[in-house]
Each structure stands twice: as structure tokens, then as C-alpha cells.
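Participant: Okay, handing you the structure first.
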Amino acid sequence: MWMLAALLLLVPRSGKAATLEKPVLTLHPPWTTIFKGERVTLRCDGYHPLLLELRPISTLWYLGHVLLPSHKKSIEVQAPGVYRCQTRGAPVSDPIHLSVSNDWLILQVPYAAVFEGEPLVMRCRGWYDKVVYKLHYYHDGQAVRYFHSSTNYTVLQARASDSGHYQCSGTMRIPVESAPMFSSKVAVTVQELFQTPVLRTLSPQEARGRVVLRCETRLHPQKRDTPLQFAFYKYSRPVRRFDWGAEYTVPESEVEELESYWCEAATTSRSVRKRSPWLQLPGRGPVLDLASTTAPVAQAAALGPGDKPLSFRKTPVSRSVQSVTSIPNSTFAGLQFPAGHVATAGPHACAPLPASAEQSREALQPKVDLLLREMQLLKGLLSRVVLGLKDPQALHELTETPETPNSHVTVNPATPETTVMEGRVDS
């Protein structure tokens, strides 16, 4: 009867067997590297059902693929390897890698995963706690911190860029001060707390006829209870500051500029902040975004608490070419622009020119022709002045030929005719 009651505790109302979460394996002290001869304690925390057995087995321990003889909740170990545990009816726990060293100097890092925004603590430890002097910490071969004697190195708010290989060096007095000694390199990985957010529009059914934007992201499974806040921006202007809601309703007056929106997700302490790419509407290609040329959106790098993103975003202009329009210009006629691509300082195209503009263009044509002829004469004059400076004798010979252009030009503004006055350049 009691056995039946115990089994019923594991069967929910749906009739399906309950799925138990895997147990949590912890290490004390919390360092993955120890000196030879030292011992550490492993503890397995999980669900332990009350089974009516004479000798209930509540915990299983594994070293690699070998089953250890102990069935206690905690065990002491000193052998290197990969440890796991399992409770009755639950999956196997995540592993803990334990290293044992016989060096004079070891670098100890936490066994548990370190997530973005959390402190990352490392300890450079001398043989059986001897004091380490002239202590240096290295990240991927570069010195990042110096201490006079034994001190932990702490990164207050870890970032993905803090991942890599760490090492330490220093001296010890055994009994006199030794030469600098180096620890082995240790790999450290900073886990992503949540993914880079993506801004999307809700379907008309979900939005109930409105235009609603949703900032979507996903937390790491081990941190799924971490609260996040969201902010929405239009260009670089915040339209809704950080709040718990992941949705924002766009005003009707701004619906035409949806592609200028982006969002940001952050923890409540703002220790981790990540911005989304610009909103991409279905069926449209990438929008002109000058900011992305200097900082690719793919990284969507996490912003610091004080960072203010800038935007140089412009409204896109259609690239379809249907016809060619001739646009008059006060300084040069005949400039050709594809229809819809007339010169403009704003995002909207100019309106078609009226018939009076065409008449104005015809009136300006003689003046433009006159200006072109004057420019040709001035070009010839300047070329001869330059030739005279370089070779006066050659210029003297050219001025005696009947084809020599005149060097003095006057223009009668009343007519489009050009009056030429004879003259010559003295060599």
C-alpha cells in the first residue's frame, strides 16, 4: 500500500511519468585545480524519493565512465578526472573537471560557469599556500594585472571578450627568492546570459489591428529566471525607456518609418545590455544603415551601461529606373537624372517641373552656349601663358602664325556674339 502511494507521488494527473531535473553538482573549495595530495568535497543536490527499500540507493557517483562505490550525498576526492552524479529517476548531472598539479604555482579558476555581468575571480596559488611575490596575471599572453604579493584577480562584470586562456607568474621565497615561475594555462569561457535581441512586428491578429513591435531574446537555460527589461528606439531617440514589457505600440503617425526602429534588452542592474539590429520588414532587403559600416550588427555587441548608440539612418529611396527626366540648372543645362532620383537633400523626390520651367530652359540655352565658347577661349589663353613661362622662344614662333588665338577677349552682354580684339603676348 505504501509502495503504491509512493509511486502515485511520481505520476501527475495527466497520467504521464514526471520528468525530474538533473541534480546539481557542486565543488568545495570552488577551484578546478588543486595540488597533489589535497582533497576536495563533491556534493550532489537533487530529488531523492522516499523508497521503501532495506538499503535505498539515493545517489550514484561516476568518475569518467566508472561507477564509484559511494552512495552518499557528498564525497571527498583527490584523483583527477571528470566527475558526475545521479539521483534515482533523474538524469546525470553536468560534469566537473578536476585537475591535480605537482607544479610550484597553479592558477585556480571557478568550476561553475561564469555568465555575462557576473564577477570572474581567479587565484594564483603557491605550493601549499606559500606567498607569491611580483605577481602577474596574463590573458591570452598579455599581462593584464600586477600585484606585489598574493592577491586574487577579479573581473567585476565579465564579458564575452574576457574568455580565453589565463596564466600567472611570480616568485616565492624557498627559502630565498626564486626566479619567476609560471603556472599552466587555464581556459576560461564566459557564458552568454541571453541572446542578441531581434525586433519583430506582431501579426495583425495578435496586434488587433494595431502596429506592435516585439523585442525577442532567449535566456540561457541555467538563467531562465533572470528578469530582463526592454527599451525601444527610433533612430537614436528613445521612444520607450527600459520597462518590463517586451512590446511597443507604434503611433499611427509613425507607421511609415518602421524600419527606423530598434530595441535593447538589459538586466535590471544594466550590467548586461544588448541592442537588436534595425527592424527588417518582410519582403524588403537590407536598409541603408551607415552605422552598420563601422560596427557590424552581427556582433550586436553588448553596450556598456553608459553607452548611447548613434544612428545615421536614412529612409531608402526606390532604385527602379522607368524613364529619364532632364532637369534644368542655372549653371549647366542637360543634367540627366533617372525619374525618382532627382537631386534632393531629403528622402522624398522633387515634384515634376511645370511647363514654364521648360520655357526657362530654352531661354537659358544661348547664354550657356556663350559661356562654353568663352571657357574654350580662356583655356587656349591659359595654355599659351603656361607655354610662355616654360619656353618663351616657342611661344614667339606660335604667335607669328595666322592660327594664333587672340589673347584679349571682351564680351558684349547685350548679344550672344563674341567680339575679338587683336593682340599678342609679349615673349
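Placement of Cβ uses the backbone N, Cα and C atoms for every residue, glycine included.
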Participant: Taking C44 as one end of a disulfide recorded in Swiss-Prot, give the other end from among C85, C124.
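Facilitator: Among C85, C124, the record in Swiss-Prot lists C85 as the disulfide partner of C44.
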Participant: Which one of N152, N329 gets the tag N-linked glycosylation site in Swiss-Prot?
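Facilitator: According to Swiss-Prot, the N-linked glycosylation site annotation belongs to N152.
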Participant: Of the residues C124, C215, which one does Swiss-Prot pair with C168 through a disulfide?
Facilitator: C124
Participant: Please list, for the domain 'Ig-like C2-type 1' (23-101), how many residues fall into helix, strand and coil according to DSSP.
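Facilitator: Reading the DSSP string over the domain 'Ig-like C2-type 1' (23-101) gives 0 helix, 40 strand, 39 coil.
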Participant: Name the one residue among C44, C85, N152 whose Cα is closest in three-dimensional space to that of C168 (disulfide bond); these are the recorded positions.
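Facilitator: Comparing Cα positions, the closest of these recorded positions turns out to be N152.
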Participant: Nearest by CA distance to C124 (disulfide bond): which of the recorded positions is it, out of C44, C85, N152?
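Facilitator: Closest candidate to C124 (disulfide bond), judged by Cα separation, is N152.
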Participant: Roughly how many Å lie between the Cα atoms of C44 (disulfide bond) and N152 (N-linked glycosylation site), rounded to a whole value?
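Facilitator: C44 (disulfide bond) to N152 (N-linked glycosylation site), Cα-Cα distance: 28 Å.
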Participant: Check each residue in the chain of C85 (disulfide bond) that is at least six apart in sequence and keep those whose C-beta is under 8 Å from its C-beta; list them in sequence order.
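Facilitator: Residues satisfying the criterion: P23, L25, L42, C44, G46, T59, L60, W61, Y62, V92, S93.
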Participant: So what's the mean pLDDT when you look at the domain 'Ig-like C2-type 1' (23-101)?
Facilitator: 88
Participant: State the count of C-beta atoms found within 10 angstroms of the C-beta of C124 (disulfide bond), not counting that atom itself.
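Facilitator: C124 (disulfide bond) is surrounded by 23 other Cβ atoms within 10 Å.
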